[in-house]
């Protein structure tokens, strides 16, 4: 019986993880559920899966279950004897639990890009033990099994292009949050859906791939693939290319992260290539989606830059979702913050937290000067 901790259990990754648990109750046991707060959904999960522990970021103890609360609770969470921690927390909130789990040498499967990116400068040497849940990085992981690292010529990440792949740039300012959240292929949370619409998500994945697989940026490419069938490719020095194909369903990489090195049957739509008919691959349009290049440049620069990028993006996305800035201004504000930020390379976790807080101050000062409330 494999014991799981599901961090972000009420979110998109968490609920799909629990779908896998439902199918394999004879193999999987939920030891801990973690969420930001008590909700009806969390209480329903507790009732169904009966974990020994529950973590909430804030609130009161939950009757009938060992409850861990706040930052002190996170430190206790990271010391629990659990076989696999699944981090489905969205955004910068996923950084501290990731740091603590790495510090305690816990087995971790994660979908939290921000933590991988921000902690990469100081914890990259521990990333070889992390199992990626992202469909693209799960695909690359599997493709890399076909050869040795020194035989890899390049890796290729695919991007759907999001809901605005063919929308003229001059219309970006009129995009609404509801339109941006309506991804044509994937069912995701709000933050990652907006990042997919701006292609920042793919920019993050470039940096993530660099850290997870210890691959230089010069060997990481991106192509637009609207069908979202091919999730990643690896080209080897003999000219061969190994690719990973599957229907666009996050339960596939989640289940693989749980079952590895085995593969377990799951109830997802099977791929029928005759019905797919066409697989399209396009060069990214860096003019319409500048965050892709901005992210890669931040990764290449290293130091504090990736942390500044993730912090600025999180604020910009939230402002857009709140209707305070337009869609086309997301990359503009992020670039303005990057231009003003000047921090030393982080050496400790405390340095990363300092960079995050100072970046937030820079962003809010920019907004204040431009009378954005």
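Here the Cβ of each residue, glycine as well, is placed from N, Cα and C on the backbone.
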Same Mn(2+) site per Swiss-Prot - residue from 58, 60, 205 joining 134, 136: 205
Co-listed 1-deoxy-D-xylulose 5-phosphate-binding residue [Swiss-Prot; alongside 113, 135, 136, 183, 196, 201, 202, 205] among 160, 218, 240: 160
Candidates 37, 148, 173, the one Swiss-Prot lists with 10, 11, 12, 13, 112, 114, 189 as binding NADPH: 37
Neighbourhood of residue 114 (NADPH binding site), C-beta criterion under 8 angstroms, separation at least six: 91, 92, 94, 95, 204, 310, 314
Least Cβ-crowded entry, counting other Cβ within 10 Å, from the binding-site residues listed as 12, 112: 12
Distance, residue 201 (1-deoxy-D-xylulose 5-phosphate binding site) to residue 10 (NADPH binding site) (CA atoms, angstrom): 21
Protein Cβ atoms within 10 Å of residue 205 (1-deoxy-D-xylulose 5-phosphate binding site), excluding its own: 30
